[in-house]
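Visitor: Have a look at this one.
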Amino acid sequence: MTSFFFFFFFFFFFFLLLLSTGGRAKDTISSVHQHELSADFYAKTCPQVDNIVGAVTSQRHKTLPASGPAIIRLFFHDCFVQGCDGSILLEAGAEGKGERQMFENRNLGTEGFDTVNLAKAAVEKICPGLVSCADVLAIAARDFVHLAGGPYYAVKKGRKDSKYSASLASLPTIVRANLPRANSTITELIALFAAKGLTTTDLVALSGAHTIGFSHCDQFVSRLYSGSTIEAPAMEPRLLQALRLQCPRTGGNADVVVPLDVVTPFEFDNEYYEGIGKGLGVLATDQALGLDKRTEPIVREMATDKGKFFAAFEAGMERLGGIRVKKGKKGEIRRDCGRHLT
C-alpha cells in the first residue's frame, strides 16, 4: 500500500499544479435475472448483521481507504459474471482456478478480499452459518459508498453463495464475455448491461462509482499515445501530460494507479460527471459516456444534480444486487468465503 499512496499522491498533486497554470434511449428493465430479496431477511436470525459488518467497514475506511473502491469493484465483478453469489471470493482449490484467478480480475485489490474476510469472520462469531458471503459483500459495498459521502440505502438480502462446480473449463470465456472492457463501445456496454436486466441509466449511474475508483495504467495507456478517436475521445491536455509522466508508452511501474475522478478522488460525489464534461475522463469508456447521444443527457443531468445521481445509483445498486441470485438448494452459506463447504 505504500507504493499505492506514493504514486497516487505524486500524480494527484502534479495534476493540480498543471490545473493551476493554465436524445436519450428509452430504458427497459428485464426481470429475467432478478430475484426477490428482502431488507429484513435476517431480522430473526441475525438482526445485527448490518452493524457487525459496519464496525469492520468503518475501521477499514479509516485505516485503509483503498478498501472502499476495492469492495465496490469486487461487488460489481461478482454480480456481472455468474450472479451475486460470492463466487469471485473463492480461492484456487482442488477444483482448479475460479473467477478470482482469471486474467480480467488480476487487478482486483487485495484490500477488498481482506475486508470481506474480516467482516465475515466478525459475523460468524455472532451468527455462525447464517449469513452468506454474498450478502456480506453487498452490505460492505453499501457501507463504503456511504462512508465516502454517498447515499445510505437499505441492502436487500437473502442471497446464497455459489456451490462447488465440477467443470470450470469454460470459465475464462464466461468471465471475458461478461465484464466491460476499458475499450468497450457504448453500444457494447448498453447491450451488456441490458443482458443483466440493467438500463442505460443504470450504466451511467453505476459508472459513477468511479468517483472513488482507481485504475492501473494498462487500462488506458494506449489512449495516451494513439490520439483521439470516437472510441477514445480527446483528453484534457494537462491531464494527458500528467498521465504520460506516470504511464510511459512502454515499461513503467505496473503498481502505478491513478484516480478516475482527478478532482475529488476520495469523495463519493458527482464530480466524476462534471469531469467528463471537461475532458477529464481517464478511461475511454468514461469519456465516451459524455459524447454518445444515448448517455450524454444522463451524464449532464447527473453532473448538475447530485441528488438525482444518488437516487439513480441506489436504484442501480439494488438491481445489480439482484442478478442471478442463488436461493434455497441452489446455493450454500460458506463459513470461509474463500472455500466451498464441500
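Glycine is no exception: its Cβ is also placed from the backbone N, Cα and C atoms.
Those TrEMBL annotations? Automatic predictions, nothing curated.
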Visitor: According to TrEMBL, C127 takes part in a disulfide bond; indicate which of C46, C79, C84, C217 is its partner.
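Guide: Out of the candidates C46, C79, C84, C217, the one TrEMBL links to C127 is C46.
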Visitor: Among C79, C84, C133, these being the disulfide-bonded residues, pick the one whose CA is nearest to that of P180 (substrate binding site).
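Guide: Closest by Cα distance to P180 (substrate binding site) among the disulfide-bonded residues C79, C84, C133: C79.
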Visitor: So among the disulfide-bonded residues C46, C79, C217, who's got the most Cβ atoms within 10 Å?
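Guide: Of the disulfide-bonded residues C46, C79, C217, the highest Cβ count within 10 Å belongs to C79.
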Visitor: Can you give me the same-chain residues 6 or more apart in sequence from C337 (disulfide bond) with a CB-CB distance under 8 Å?
Guide: G86, L89, L90, V116, N117, K120, C133, V136, D161
